[in-house]
Each structure stands twice: as C-alpha cells, then as structure tokens.
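Chemist: Handing you a structure now.
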Amino acid sequence: MLSNMNGVLEQLGLGALKRAVHVQFSHAALNAQVFLQRIEGKHALNDGLSVELTCLSTNAHIALKQFIGCRVAVDQVTDSGALARTSGIITRATQGQSDGALTIYTLTLQDPTALWHKRRNSRVFINKSVPEISEILFKEWQSKSRLFAASLTLDLSGLSQDYDIRPLSIQMNETDYEFLTRLWRSEGINWLVDEKHVVVAHALQEMAPQKLRLIDHNQPFLALERGVIRFHRSHATEYFDSMTQLVAHRQLQSTATYLQRWQADALIQDEGNGSIQSAHLHSEQHSNESLSLEQAWSIEPAWTTDLTGADQATISSAQQIEKLNQNMTAYQEFQAKYFTAHSSVRDAQVGYWFELTGHPEIDTHERADRQFLIYEKQFYNQNNLPKVLQQQVERLQPTSTLNFLQNQERQGNQLSLIRRQIKLVPDYQPLVHRPAVYPQRARVVGSENEEIHVDEWGRIKVRFLFTRAEDHAHDTGAGSNENDTDSTWVDVLTLWAGEQYGARFLPRVGELVVIDFFDGHVDRPFVIGRIHEGQRSPTKFDVKGQLPATRNLSGIRSKEVAGSGFNQLRFDDTTGQISAQLQSSHGTSQLNLGNLSHPKNEETSQGRGEGFELRTDHYGAVRAGKGMLISTYAQEQAQSQHLSAKEASHQLNGNLNNIKALSEVANNQQTDPLEGLDKLKQFVEQIEQEDQSKATAFKQAMMILSAPDSIALSSNADIYLSADGQISHYVEESINFSTQNNLIAHAQNRMSLFAAKAGIEIIAAKQKIEAQAQSDGIDLIAKKEVRVISTEDTIHITSPKKIILTGGSSQIEIGNNILFKTGGLFKAKAGQHRFESGANVVAPKVSLPTAKTLYSNKVNYNWNIKSEGTKEIFILDNKNNNVIKTKSDQLDTDNNISSLRFYTSQETEFTALAFNSDYIHMKQEISDQENTDELLEEALNNESESGDVYTEGNLHP
C-alpha cells in the first residue's frame, strides 16, 4: 500500500494542476498523506466560518490529534484561474470507514475565534470602551496562545465612531466569544473574519493570519475583485461563474422602537426622543403608523459615573438611548427585506459587495440598487475523481447528506444579500444577549487607611470574589487589588432613602456584601445586604456573648472607625428582662429602659433594676427649649399628657393662698409683705392647659421639679442658686438652715423678718452678737418687757451726744450733764452717798463704714420686630468690653416698652445689645485694643436672617 496519497493521485492522473480544490496543512507531514475531496460550509457576517472537509488518505493510522489545532488553507480555483482562499483552524477530526486502501477523514475547519468558545472566564474592566476591551483581550490571546497569534489579527480601521468609556464592564461566566460579541452587539459593531489575501497566486503560497475586522458603518465593506456578477443560467459549458437564481424576501417587522431606562442622576425614567418610527415602508396597504407594531423596551438603568468625574468615564445621556434605538430599528429594517441567490461564483466573499447585471428586474433600478452586500454564504465544492475511485469513495460514505451529491454541478453556493446602502448591524436583544446573573458575594474595598470609603451618594467599591490577579494585569491589577481600583461606585440598597433623610448603614472595608444586578444586567450591580460567615461572627452586643445563647437580643451595634469603641441600640426580649438600651462606649454613656440587667454572656444575666437610667462616666446635659418637667408622680400606663403637672399646679395653688394670708398678716403688723406673689400666680398659670383638645404644653420655657415625697439636693462641693427674678420658698412646716461654718445673707435694699406667732430668737453660742445701722438708727420695740442682761460682765450703753432713759413720767438725760426729771417721788437708797468734784468722761469713738452709693442705670427699649422666641439683652462696658448684665425677655402682644435697671460701682459708659434670637452665644473675647463701635457696625452690616436687633445707649445713672 502506498503511504503517499499524492503519489496515488498522480498515478491516477489527478495531479495538483488538475484539482479544483487544494488544501495546505501547517503540519507538513499531513500534506503528503491527506487529499481534500470535498468542502462544504458556511461563512456569515457577525457569526464566523465553519467548514466541513472530507479528506481521503491511504493511511488508516493517522492520529486524529495531529489534525486538531492545525492551521489549514483551502484554495478553490476560480473561473479566472485564480485561487480563492479560505483558511482556519481544525477544531474537530473524525475518522470514517476504511476499505484497507482508502480511509475517510472528516475535518471541521473554523476561524480562530472558535478558540474563544473554549475559554470561559469572569473578570471586570474598569473605565474602558468596547474597542479598548477588545484590544486587551485580543492581545492577551496573542500572548497566551501561539496558535491564535499566528492565525488572527485585529483590524479596528472600520470603526469611525467615538465609543463610550464604560465605568464597569463585567464578564460573568461567559466565554470570551460570548462576552466580546455581547459588547459588540450592544454598540452596533459588526464583526467579520476576513482573509488577509482573498485571492492567492498559487496553492503553495504561505498561509497568512486571517483578519478580525470590526466595522460600524457600511463604507469599509470592500468590493469583490471581479466587481460585477452577471445573472445567467448555469451550464457545464459556461466559462465564467454567474448568479443563476435571485429571490427577494420581505417579512413584516416591528414598525417602531421605544426604549426607556432609569437615569439615576436626573431621577427620571429617560426615554430619549420616544418611539422612533421605522423609515422602511413595510406594506403598501398600510402605513407604519396604522400597523402600530411597536417594540417597547425597558432596559437596564443608565450607568452613573464618579460624581467628581475622577474616573473619566462617559456620562450617560439620552444619546445612548437614541443610538441603541437607531441600531435596533436598523436591524428590523435589515430583516424586513433581503435576497437569497444561487451562484457558481467561487470567489464570492462574505463582507464584500458587487454589482449585479443581466437580471431583467434588477437592471431597471438605479445603479445603487443594483449593488448588493454579501452577509452570508453557504457553499460547497469538490475535486473530480476517476470513476473507479469515486465509486470507492461512495461505498465508504453511502449516507452522505452533502448537497452537492444530489446536484449535478460539482460546486455552488447560496448567498444572502442586502442592498449595499442598507445599514447593517448585528442582532441585539437586551434580554437575550446577556449572561444569567444571580446574587453573589463581594468584599468591600477602599483607599488606603480608610475604613469607610463612600461617595456623596453613599455608594461603595467592592472586589468581586471571582476576579484573579493574572486576568487584570493589563490595568495594573484593577479589579483584584483589594483597593478602590477594583470597581466603579456600586449602589447600596437601604431600608429607607428619602431626600436627606432615611436609614444609613454604610458597608465598611473588609465586610462581605451580597451583590445583585438591576434588571438582571451584569454591568449594573448593587448591594442588597451583608452576611456573617466564618470568623466574622454575628453582632455581639456589649462585645459579649455568642449565638445562639444571646438569641433574645436584637438591634444594632456599630464600630468606631480605626478604633475599638462602639455605639449600639439593643433590644433585650428575654422573658422577665425585657429592656432597651441606647449606648455609646465612650464614657459608658447609656440610656437604659425597662427591666434593666447586666450585659449578657448567656441567655439571662443579673438584674440591675427597673425603670430607666441615663448615665455616663463623663459630662451630661439635659436641655429643653420650651420647658421641662421632672416628676416622680406616677402616671400609670402613660395615659395622661407627657407634660401633665397638675399635682405641682395644685400644690402651688394651695400654697399660694397660704402665702397670701401670711403676707397680709405681716402687712397688718406694719412689716413688709412678701414680694413676687403676682409672679408666683403667673407662674402657676403657665402650667395650666390652654386647650383641652391639645396636648399639655407650658406657656414659657420653665422647669418644674415635682415629687409626692421628698426631693434631696446634695453635693460634696458647692450648690449655687441664681435667678434674675425672685426666689420664693414656702413650706407647710419648717425651713431649716444649718451650716458647719458661717451663714451670711446680703440684700441690696432691705432685709425683713416676720414671725407671726412664736417670736424670733437670735442666739450666739460663742462670740458676740453685733447689730449695726451704719447710716441710720435702730428701733427695738416690744409690747412687754425688754431686758438687757449680761450674766458675767458689764453692759455698756454709749452715745457721743446723750443717752435718754424715760420711764413713766420720769426721765434721766445723760450727756455733758446728767439731768433727772420726775413728776413724782425721787428716791435714792444707798449704803453711802458721796458727791465729789466733777470729772469728764470721754466717750469712746466708734467708726462705722460708709456705704457706697451704687450708680443706678436704666435702659428703656422695645422690640421693633415681632416674632416668637426669647430675646436677650447684653450690657457691655465700653472701657474693657466686659459683660455687665444680661437679661432674657419676650415680646408682649402690645409691643410695649420695657426697661432694664442695673447697678454699677461707678459711673460707667456702656453699650446695650439686643438680639432677637433663641440661640445667642457670646464666646469671642474682645481685646482692649479693638474698637467696640467698629465691631458693632460690622455686626449691623452682617445682620442675620433671623432679624437681629441692635440698640445702643449711653444712659445717665
């Protein structure tokens, strides 16, 4: 048996020069062993090349893997004697029957993009356009696969448009072919696998890599070398190839396309220019409008770029909708009318156009309508074999379904055509041409040393866990760097998202989140939640306990950024220990409500009490701008108003009556009545509810402390009580003052004490009692006996002028002289009477301090802006800018003039500032060198929106 197939054919008279079809393998050993008998296949624009080769060999032992991956060039002899080349890669080999002399081998030839079907991957591309992604993947294939690099080149010269830079493009469990063609379809980019040399000079010409041409408009489609194809009958005696049959096809398509999508940055459902009617007339019987065959699509939301433009991605706009709408409309028009043709033109090449002549109907059209673009080709061809050899082959392959076996002609093709001027775009269906996606995990990433990395919308960046470093080396690892380069900004689903209100729980760097995809589109991820897995245990309240032991606890615990502190809202639903807690670990600051218990390590813990607790290890402040009630009166089940102070009101009302009665007694006894009773009455009135249909509310910003039992005020240091008005004390029993040191009382005006029943006692257990009237006299008046007693020493009564003692109708006057006066008996008893010469007595001089008269100052003012809220007046010393006096006031209904009196130690030049505001803070210290008038003038020029009022006056004391 001859092992060289070519030698056998030479002996049979079928040398290389007499063959209609030639084959060349890159594996040289196969060229001598394999003869190509038949070729049948399909080549299509936006698809690819797939050809079946039927080969003969005298060697029945060729290993099939010798064929796999082998580059092959098939040359068909044309009517001009040239060779039309079709090349590709063997991707499948089958050994058929053998009769001992000949063996059938069936090979599948595909273009190099078939390799893309064999690699599936998941990866991300950040801020890349579709042409850029295409180049990246193409270069990656060239660097990793020698076969691919030798078989295919990329030609982008057919792209004329500016393509959007997409913030994020994800390949998700897709083959590279599925991923790239999906991107091309979405942009309306055609892809064509073309030969570098469509026609070659001889069959042994070296194989050149094919070209992958990306085309976005019709101009790059070239004309066939022959330029013209003639329409003519087919006959074996014909010298030139021709088209033998042309069939026109029309089919009804949608007449309008409508697209809409969500535009997040504008908060609208963007629909571009709305529904676009097809320019193609589908029917002479009905207009497109009357057919009303609209395809209305709701597609994935528009992408949103970095809000600062840092990513340099293309900002989404209605132009993208318009472009997609036009492409989808163009595809409908392309499908509405096309042609199929049968021809014998062996060099008819997909992606090329020609002019048809000789057709009785086509020739009546304008030249432009006689030019056709080939977008698909099904073809067959075969070599002529000697009859004996042909019969032998047919016995080895009796069930062949190849078309040419039922056809008398040895070669032919069927062409799918459209007129050259019709825009050609790939089919793109948004719901079909995309991968199936499901919720998946991702890890939150951020910039260096940043635990919470978000943008203005609260979006985060993530690393998709499927990414591998080697797949992202082209972009310095972006996608697998574990930092903010791994993705674009990703939306975070929140429980509540209002305009500047809602719920905000921002994922932190390192957390595991669950990703889903808007409208099922892989390039529109968003975060739907977070999960605890592995060592990332569920929330531990108070950093204690472990599930399931603490399963009765629920709530929220945060973590201090770059620290160990936390905040938490904890709900304890443990039976018998139900409570709620709001806590910040800083200073162990807590608000505890309910049946309080210690933090839980187990299901239960030791109790701490009942009710509520507001506590901190640091500072505390309680403020209420309109009033505050602190009460220990019970209010069962919170059934009354929260500001109900009726108990305090009743007590104050009752005590007011008693106070009035005692004050009237004091007045009758010619001493001072109590002051401030009217103010006390007004205070009580402020507590009363104005409208029973409304909730209880104080009429002024007052504070009430009320208790059915005792109130204790205790301090290990000082207690200070201060009021711009009056301080009133009333008790049913006694007011007790006790001090371990001094009891000192000062009064600017007068001091008055009145005891209605049991008298007044002043006792000094040690040291003396001293009473002085430094600028006036002292009156001691008693209805009954007055006694002055010294139990152990002398009683001195001294006057620099005279002493007058009067009793009944008698009088003793002691001065420079001593005079006795009586209308009755003057009787003196003594053991001895002795009268000596005169002697002068010098009365001791007692000096009393002189009380300094304070300067009285008064400011009259009225508010010229009516508004609710507190007004405050500041009195400033013009000399040193110190605050002398402050007073809070409120605007009365009549806008009456009010006044403020204050005292200074000396005549003082001052400035009065009046503010119409509830929030006055005088913090800045004014140096002596600064001019107060200039500062006030500046303040006036910068008058706030609240209507601040400024008043200045230098008043006389």
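Our numbering is plain: 1 for the first residue shown, then up by one each step along the chain.
Cβ atoms are placed via backbone N, Cα and C, with glycine included.
Dumping what TrEMBL says about this protein:
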- 586-595: compositional bias 'Polar residues' (COMPBIAS)
- 599-612: compositional bias 'Basic and acidic residues' (COMPBIAS)
- 483-531: domain 'Gp5/Type VI secretion system Vgr protein OB-fold' (DOMAIN)
- 559-666: domain 'Putative type VI secretion system Rhs element associated Vgr' (DOMAIN)
- 692-838: domain 'DUF2345' (DOMAIN)
- 586-612: region 'Disordered' (REGION)
Chemist: Please compute the mean pLDDT of the model over the domain 'Putative type VI secretion system Rhs element associated Vgr' (559-666).
Modeler: 88
Chemist: I'd like the per-state residue tally for the compositional bias 'Basic and acidic residues' (599-612) from DSSP, helix first, then strand, then coil.
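Modeler: Residue counts for the compositional bias 'Basic and acidic residues' (599-612) by secondary structure: 0 helix, 6 strand, 8 coil.
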Chemist: State the non-local partners of the compositional bias 'Basic and acidic residues' (599-612) in its own chain: residues 6+ outside its ends, Cβ under 8 Å from one of its Cβ atoms.
Modeler: 541-542, 544-545, 549-553, 572, 574, 576-577, 591-593
Chemist: With DSSP as the reference, give the number of residues of the compositional bias 'Polar residues' (586-595) in helix, strand and coil.
Modeler: 3 helix, 7 strand, 0 coil
Chemist: Within the domain 'DUF2345' (692-838), how many residues are helix, strand or coil going by DSSP?
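Modeler: Across the domain 'DUF2345' (692-838), DSSP assigns the residues as follows: 0 helix, 19 strand, 128 coil.
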